[in-house]
């Protein structure tokens with residue numbers, strides 16, 4: 001029990017550090033986006049978004065391989081086998097080195113062809129678009145080789161270092177935005193892309209230095225085990241398959257918008273996606289804090305705590321989503337106009353649908369972590385991959401026959417609850433000890449009721465004939481109090497309430 005309490009405290013500590021980072025970076029990122037949009041202009045911002053999207057389609061390698069590496073490193077830490085841990089790290093590094101080379105070949109052939117022949121970009125901006133593309137290629141190639149080092153930081157749960165560096169990163173990105181804004185002798189889009197990649201490379205090198213200094217496994221071995229290599233490659237392949245098809249669907253929609261509506265709607269989608277991404281940071285902190293312990297508990301066979309972490313993590317994820325999204329959703333016009341000098345047409349509508357998608361997505365990550373912990377992800381990614389490919393066809397038909405970009409995002413929203421059903425089915429198949437009924441009745445249904453009731457409260461406030469700023473603060477205050485009280489009373493279990501209460505009281509005592 002003391003070990004479990006220690007684990008709970010570590011989760012709370014890491015989550016707190018990540019939220020401190022988030023509040024700093026959130027404010028800086030919003031202001032940076034305003035400056036970047038002003039410096040680049042709507043059209044160039046759209047070009048940056050759509051060209052960068054091509055790299056994202058290829059860059060899914062980094063995310064999927066990072067998940068695979070993190071899973072094997074964390075599993076080895078749970079088993080407490082140092083030599084296996086070092087072997088796993090070295091094997092992962094060599095895999096990523098090979099894949100970085102493969103990425104360069106794909107990017108400089110298929111990717112380059114796609115940017116120059118398939119995207120709708122004004123002829124006088126093609127040179128700048130290629131600068132954006134090449135800068136992203138360099139950054140991504142180095143990022144792929146960096147994945148094992150980032151996975152080590154996550155596996156060791158060293159979130160404090162991660163938080164401080166991300167705050168510094170956000171400040172420097174704001175500095176880049178101001179440099180671009182005041183520069184007159186160099187093309188703004190080219191300058192922004194080059195400075196951005198230089199900053200990315202600098203941080204990648206520091207992360208590598210930190211890991212080698214603090215983690216023994218980050219010293220490379222010249223050999224690796226063939227069996228482990230095959231296991232990691234199989235896991236990476238299926239993780240990559242799911243990520244590639246998902247990214248193909250999302251970026252495919254971006255390309256379809258470009259083909260049907262041009263770069264101006266890409267700018268709107270880019271702004272909306274940035275708001276979604278920033279607010280996703282609220283919940284992303286929770287997943288980062290919980291994931292290593294879910295894998296470690298599976299590694300030692302502690303299925304009771306394994307189930308507990310999945311249930312509690314899901315509850316916190318959706319609750320925090322509500323706290324961050326509801327005030328923004330019902331006051332988006334005011335906030336968009338405050339944030340941007342020129343709000344692209346369609347940005348508000350797209351953003352509202354994406355924010356709803358964020359809430360429904362909250363039910364899936366911890367189920368995904370549970371499946372990843374078992375190591376059996378093939379079935380999951382085949383099912384999801386087929387769904388993603390089918391939906392890109394649906395998006396095309398919708399745009400072809402209705403000319404409604406909002407309808408495509410609404411259809412995309414339906415993927416979240418469908419995916420939840422798939423995750424539940426696969427995790428139960430992989431692990432008989434997974435308590436699927438308890439998860440549904442103690443997590444999903446109560447949280448759905450909370451979402452509905454909170455939305456009704458916020459909608460009622462939105463109907464009040466008061467000043468927009470007054471309405472914003474009333475929504476923020478009332479919905480925060482309502483969500484917290486209902487969650488504490490009806491959503492959280494006794495164990496979680498006790499941990500939260502002790503942690504909060506401890507922090508208050510330290511401040512005194």
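Note: Cβ is positioned from N, Cα and C throughout, glycine not excepted.
The following features are taken from TrEMBL:
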TRANSMEM  12-33  transmembrane segment
TRANSMEM  45-62  transmembrane segment
TRANSMEM  83-107  transmembrane segment
TRANSMEM  127-149  transmembrane segment
TRANSMEM  161-183  transmembrane segment
TRANSMEM  189-207  transmembrane segment
TRANSMEM  308-330  transmembrane segment
TRANSMEM  350-373  transmembrane segment
TRANSMEM  380-399  transmembrane segment
TRANSMEM  405-427  transmembrane segment
TRANSMEM  439-462  transmembrane segment
TRANSMEM  468-488  transmembrane segment
For the transmembrane segment (350-373), name the stretch out of 83-107, 161-183, 308-330, 439-462 with the most CB-CB pairs under 8 Å.
308-330
Would you say the transmembrane segment (83-107) and the transmembrane segment (189-207) are touching, if the rule is that at least three C-beta pairs must lie under 8 angstroms and be 6 or more residues apart?
no
Positions whose Cβ lies under 8 angstroms from the transmembrane segment (83-107), at least six residues beyond its ends:
55, 58, 61, 65, 68-69, 72-73, 76-77, 137, 140-142, 144-145, 147-148, 151-152, 216-225, 228-229, 232-233, 236
Can you name the far-off residues of the same chain, 6+ from the ends of the transmembrane segment (468-488), with a Cβ under 8 Å from a Cβ of it?
315, 319, 322-323, 326-327, 330-331, 334-335, 450, 453-454, 457-458, 461-462, 497
Apart from its near flanks, which chain residues at least 6 from the ends of the transmembrane segment (308-330) lie with a Cβ under 8 angstroms of it?
275, 279, 282-283, 286-287, 290, 293-294, 297, 352, 355-356, 358-359, 362-363, 365-367, 369-370, 434-435, 438-439, 442-444, 447, 450-451, 454-455, 458-459, 461-462, 472, 475-476, 479-480, 483-484, 487, 491-493, 495-496
Where else in the chain does the transmembrane segment (127-149) make close Cβ contacts, counting only residues six or more beyond its ends and a cut-off under 8 Å?
44, 47-48, 51-52, 54-55, 58-59, 61-62, 65-66, 69, 73, 89, 92-93, 96-97, 99-100, 103-104, 107-108, 111-112, 115-116, 119, 121, 187, 189-190, 193-194, 196-197, 200-201, 204, 207-208, 211, 218
